[in-house]
Each structure stands twice: as C-alpha cells, then as structure tokens.
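First comes the structure, then the notes that go with it.
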Amino acid sequence: MLNTLLPILLFAALTLAVIGAAKRFFMWRRGRPAKVDWIGGLLKMPRRYLVDLHHVVERDKYMSKTHVATAGGFVLAAVLAIVVHGFGLHNRILGFALLAATVLMFTGALFVAKRRLNPPSRLSKGPWMRLPKSLLMFAASFFIATLPVAGILPPDFGGWVLAIILAVGVAWGVSELFLGMTWGGPMKHAFAGALHLAWHRRAERFGGGRSTGLKALDLNDPKAPLGVEKPTDFTWNQLLGFDACVQCGKCEAMCPAFAAGQPLNPKKLIQDMVIGLAGGNDANFAGSPYPGKPLGEHSGGPHQPIVDLNGKALVDAETLWSCTTCRACVEECPMMIEHVDAIVDMRRHLTLEKGSTPNKGAEVLENLIATDNPGGFNPGGRLNWAADLNLPLLADKGETDVLFWVGDGAFDMRNQRTLRAFVTILKAADVDFAVLGLEERDSGDVARRLGDEATFQHLARRNIATLTKYRFKRIVSCDPHSFHVLKNEYGALGGNYQVLHHSTFIEELVRKGSLNLGQSKAASVTYHDPCYLGRYNGEYEAPRAVLKAIGIEVKEMERSGFRSRCCGGGGGAPITDIPGKQRIPDMRMVDIKETGAELVAVGCPQCTAMLEGVVAPRPEIKDIAELVAEVLIEATEVAAKRPAAKRELAEVQ
Amino acid sequence: MTDLNIVALVSVGAHPTSARPRRAEQDARAVELGLRLAGQNLQLLHAGDPQAEALRGYLGMGLEQLDVLEQPEGADALPLLVDYLQGSRTQLVLTGSQAETGEGSGMLPFLLAERLGWPMVVGLAEVEKVENGVAQVLQALPRGQRRRLKVRLPCVASVDNAAPVARQSAFGPARRGQIEAHEVTVVDDTLLAEASLQPAKPRPKRLKVIKAKTGAERMKAATAKASGGGGQILKDVSPQEGAEAIFKLLIEEGVLR
C-alpha cells in the first residue's frame, strides 16, 4: 500500500512545488530588468553556497553544524527518496544510504528543535516554530518507510495501520519541505536563497571579493524611475534577494538604529519588501516590530507606493531615514541580502521625486548644490585651516606622488586638528604631496546617501573633471567616507584612482621607516573601527599596526573589527535625526568604557564628532594622525619653525 | 485650498556666499504660499531668459509648468508683466520683497500694483480666507506680530521671511517640468540704461542703548512695538486734513523738500 501511496505523495508534492516555483519566479520578474549571468550564475551557485555563504554562517558554529547536518541530510534524503520511493528502485544499498541521510537530518533537526526551546528575540517565531517538527517528521517517516527497503524489516511490516501513519507523516514532511519551499513557508529560504546566490546583483562579493559602492542611477534616461517608489521598481533580482531572507535576525541584533529604539529593524524591512512583493499586511510578521510601530497597521502590494507621506503604507519614511548605512546588517546576513542598497533606493525616490528629505536634509542638499559643502560655508574658505602651513597646490605643481584629499572636515575646527597633524606627518616623512585647495569639492557621499543621486553625480563629475587635469599616483584622505566614494563609487562615472585611507598610508610610511617615531604615553587605548573603512573597505589591520608601532596596545572592544558598532554618524543620520530612545554614540561610548580605556583612537571625522558629542566624563577621542604626530621625533623642529611662518603671514595682512 | 487664480512671480536668485544662481529665497516662499492656497492651479511667471536652469528650482517644488515672458537682460520687466496680468483673470499676485539679482530695488511689486491699480499688501504671512472677492490675510509686522487685513481682490502681495519656508525642490519634477516661453514685445529699461549703479552700503544700525534695570523692563523693551515715539493718530478727519497732516510729516522728516 505504501508502495503506491508514497510515489503519489512525492510526485504530487513535487508537481505542486514546481507550479509554486514558477508562480514565485514570475512574481520576482515583476521587478525591473537586471543583467544576470543566467547559466553561469547557476553553475557557480553550489560553490557560492558551500563556500561564501558557509563562511558567514560559520561565525555561529552551533548553527553552521546544525545547518550542514539538517540541510545536507535533507537534500540527500530527498533525492534518494525520490529514487527509492518515487521510482520504486528498491535497492538495499540505496536503502541504507537513505537511512543514513534521514538519520543525519534527524540529528540536525534535533538541534534545530533545541534552539527553538528558548529562542532569542531576534528569531522569528510563528511558522518558524513549526519547522523543526516538520523536519523531524520528514526524517522519521522516511526512516521507517525505508527500513523494509534496506531489508531490516519485512516488506509488509506493520500492516495498513503503520502505512497510514507513515503516509500522514510523509505528507506533512513533503508539504513543509517541498510545497513550503515555493508556496511561501519557512523553507522558501532554500529555494529563493539558492537562486539569489546564483543571480546576486553583486556577484563580485563571492570568492572573497568586496562590492560596497552604491550603484549609480541612470539620470540621462528621463523614463528610468528615480529610485524605488513601489516594489516593482526594484530590479527583479533585488526582489528575489528579499525573498531569500531566513528571518534569523542577525541583522536586527547588529543594527545600531534598532538598538537605539529608532523605528528600524532590517529584518522587518526585508519582510515588508516580501509583503510588498506578494501583497498583504504585516499582521502575521512573527519577529520584532520596528520599535514604536505596532504590527498590523501597514500593508502594501507590488504596484502600490511603499511610502505614503500623508498616511500609512508599507513602510514609514522615518524607518528608511533611521539607517546609518553602517552595513552591519549586510555583513551579518547569511543570505547576503543587500539591505543598504534597498534603503538608499527608496530614499532616492523620497528625495528626488517627493522632495521630502527630513529635518536638515533639504538644507544640507541645498548647501551642497550652492556651495559644494554641506555646511553652506563660503567655498573660498576651504583652505583657511592651512593658511600658515604653506601647502603645495596641485594647480601649481601639476604632478605629485600623493594627492591629499582634505574633505569637508576642512571647515570643522575639530577636524582641522587632525588635518594639521596629518600634514605634520607628511612633511616629516618628506612625502611629495599636494592638495587641490579651492578646486576640491565635497565628494558627494552624504548627498548620495540622502538619496540625492543628482547632486552626487554633479559633484562627482566636477571632481573627476578636476582630477583629470592633473597627474598623481595616489589619493590619500583622512575621511573614510571620501575615501570610499573616491575609491569605489567614482569608477562608474569614469574616475578610477588608487585611494588610501591615511591610516593605511601612515602604516606604509612606518613600515618603510620614513617616520622617526617615539613611544606614545597614552596608557590604555581602544580603537573604534569606522564603518566606511572597515566593513566597506576591509581595512582593519593598518590602524592597529600604526598604533602598535607607537607603543599602544589596543584594548579591543567586544564589538570591533567587522562587528564594530556604528558611531551613528553615517548615511546622513545626524542630518535626518530620527528620534529614538537613546543615541547611537552614547551606546558606542558604553562599549568604549567597558574596555576601561582612557583614550579612543579613531580614523574618521564623523566618528570623532559623534563620539566627542557624548557628554563627559568620557574617554578622550583622538585621531590616529594626532596620536602619531604627537610622538614624531622631528616634532620639535617643526614646532620651532612654525611661529616664524605665522609672523610672516601676519605682516602680509 | 481655494480655486483662486494665483500667479507667483519668480526670479533667478543668487546664493549669498557663493553667488551661484538658485531659486530666490523669498520668491520660493511666495511659491510655497501659493502652492498651499491653490495647489497645482498656481501659475508661475518669470520675465527673462527661459533657458535659466535656476528656474527649474521652482518647478521642483511640484509644479508642471512655468511661463516665461522672454526678454533679454536689461529689459524692463514691468510693462510686460502689467500687460500679461491685465489680460488674465488673475486674482492674487505673489512676489518676494526684493530680487537677489539684477537691480533688486524691491520696487517691482509697488510699481506693478500702481500700474494695475490693485491694492498691495506687504509682508503677507498667511491668507486666512477668501469670500466674495475679499481676502482676509495676516500681514507680518516686526517682532512676530501679525495684523489682520481685509483686501479687495485682485491684489498684489509681497512676502518676506515671515512667510512659510519653501519646500524642498526635488530633482524629478524639476527635470520634468515644462518651461513655456512667450514671445512679447521687449521694452528697454531706459532708466537702467542711463543711470549709473553703485554698490549699496549697509544701512547704519541704530545704537541700542539698554536702560532697563530689571529683567521685566528688558523683556518689555525687547517685545515692545517698534515705534518712532512721535506718532499721532488721526481719527474722523476729512481727507483734506489727513493729506495735510501727511504732507507736514513728510516735510518734517525731510522726505519732501
């Protein structure tokens, strides 16, 4: 009896799963076209899954082992079950193999069940609580049903009673594991996830690569949408990516905005996009809501606007503006979903079409358009900070080894100390360098992250036009944001440069022995990794090496390196200033204080500003350039020369 | 929102520190006020070069069209605007108080109202309601004070920094918006051609002498109405007497000699 029932069950489930898969596929294809390598992507998928994705999952050893056993066991068991029970190939060896696979899967599923006993808040509940039971049921049913095939039990063992029980078990198992994959159950992550890996919009990320620059909008085509208004404005493989979410909540656990009580939860955002893709409301979402926003009030559909500025749609605008673009979610995501891209895409629509950048956003963008700096300062004052430093201008030299990209920190009195320290180092190491001076403009970082792609491209194109006039080997910047944009985002507009962060450059100088350094007196020091240097560009080592070279042993924070917590200053978040329960820099300062450090070394003007904004008593904040300049042996000579230069200037005026 | 026929006069502005062309601050506020009153029915009107990119800044506030009376630099905008507005069914003309480029004399709204024979409201802050061709408006006075006025329509109203801040100008609508150029007979500005321009000097500030001894007095001084002190209220006098009183004051103040 089982021999007739099982093939019917298996093939019925498979057929329905294929229909569901087709339905889902056409749902994704409602998105805008995207160029993908259809066949090549599919061929590379197993490697991406087994290597790249596994690397991310491996950070949580318990889960990676559990997943290998469960998923590996399931895939084997499913294939063998189709052969053995579906096609009736009752071979003893195959039977034993199937038994082994189900045992493996059952063991894994036990650990899945164990973690679900007292699940952390980041995990989604609801249907996900049912999944371990379904896995156990699938494995157990096929185990028992296969025993006769392996010859361990007689073929008609148990009679029709056991047959019916097994049939029910198998039906439950295949419903969850075959049907659920394509009809929207928890197992959907396996189907959508595999295809997401195959047709990922940033294929460069696989094989140890890095792809963090935002993708440019085509502003020359007046018909192309300016950002994303409704779910179908995403590219289709972005929609596919959202569907791959396994709701593990690793992003939620890392998101600084969520921890600060701002109305953002990256996991919920991705699930909202899935709701938008399929249509419906968020009442059945089984995870943590956006802080302060109850479930069940928001709904949407593929062709409905995601944000309604005068009411409620799928997502509220302030959710999108809470993001600091720190990329902690993307770094954590075992499915390699691109949260930040999606958020900036939706911001683009709000800024470029609706003109609704909140709080100081509009003012900052207007300043960038009118004065090339976000503060609205007179562009003629861009080099005032270096009035007494006699900096070589690239316009005079025409050619240089190192182009020092000053950045908008030039207008900020705190950051000017860092810049001056770095100039001291450059001079001490006798580096052939020059600055653009008044020819430099804002890199466009903040405009782009506020969604104003037009202003970004305008600034970028003018900067590129300036840079094309001159010859230089490398660009060095003290600002990780300028560094990232110049390095990773100007390329699409025709500007390809070799760009270094000043910490990398100083490390190189130290290694070459160009700097005569003493030992720092700073007693206990910790180091805060800037997001745009670390997660965006993978530079964790150089700043630490520099600190080590001046005799500083870094007391690492619990969240450092790729897990560093954002200072709250990225993505225009201080400008849009969405209220939460606490401030992100305050939380970061708690992290810093936990190490017992009296000084925190930083490498970013934004981090400096945000951390110095925390009320005292708190550890001192110093840029790496300042720490190095302090222990320069030549420092005394330079200091002796300085007053003379100043007097000269005073006489001129 | 009412179905008034509103025209906002817009000009090309200049940023105060970089001097780059932009939408003029006060004109943008006039557009904002107009948008709140009439929404998409607001008409934007500019006299000058239809190619000026800065004009798109106004379209970016969410309007589909901007009409330009095409004229070269240095031509007189006034007769064109008078002609255009006389022939239209405009009920309310909104402008900024003073242009950021060109002459920037701040005279245009006054001259326009004079030529059209319409009333003129300075410092419009809000239009409360419009009934039977009469608008009830709030006029901004110094120190945050407001005066409620009833004005017969059609009228000209200028806005200053007391009017609501202009909304953000968005790239999409700015790019899509249509700039409609109208050919008109250009009138040369003979005064501008003959007169010589000289840089304006900042008006000297009156010294502020604080005599107050207590906090309450300081508060009173800070919130008191700006007043010359020697004012005089004339009530129930004949037009003849009123005119004589004004004439006398103008001679005393040295305006007329």
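Every residue gets a Cβ built from N, Cα and C, even glycine.
Remember, predicted model here, so these are calculated numbers, not experimental data.
Taken from TrEMBL as is:
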type: DOMAIN; residues: A:236-266; note: domain '4Fe-4S ferredoxin-type'
type: DOMAIN; residues: A:311-342; note: domain '4Fe-4S ferredoxin-type'
type: TRANSMEM; residues: A:6-26; note: transmembrane segment
type: TRANSMEM; residues: A:68-87; note: transmembrane segment
type: TRANSMEM; residues: A:93-113; note: transmembrane segment
type: TRANSMEM; residues: A:134-153; note: transmembrane segment
type: TRANSMEM; residues: A:159-179; note: transmembrane segment
Chain residues in Cβ proximity to the transmembrane segment (A:93-113) (below 8 Å; excluding those fewer than six residues from its ends, i.e. six or more beyond): 62, 65-74, 76-77, 80-81, 83-84, 131-133, 135-136, 138-140, 142-143, 146-147, 149-151
Maximum Cβ pairs under 8 Å to the transmembrane segment (A:159-179) - stretch from the list A:6-26, A:68-87, A:134-153: A:134-153
Across the domain '4Fe-4S ferredoxin-type' (A:311-342), average pLDDT on the 0 to 100 scale: 96
DSSP residue counts for the domain '4Fe-4S ferredoxin-type' (A:311-342), split into helix, strand and coil: 14 helix, 0 strand, 18 coil
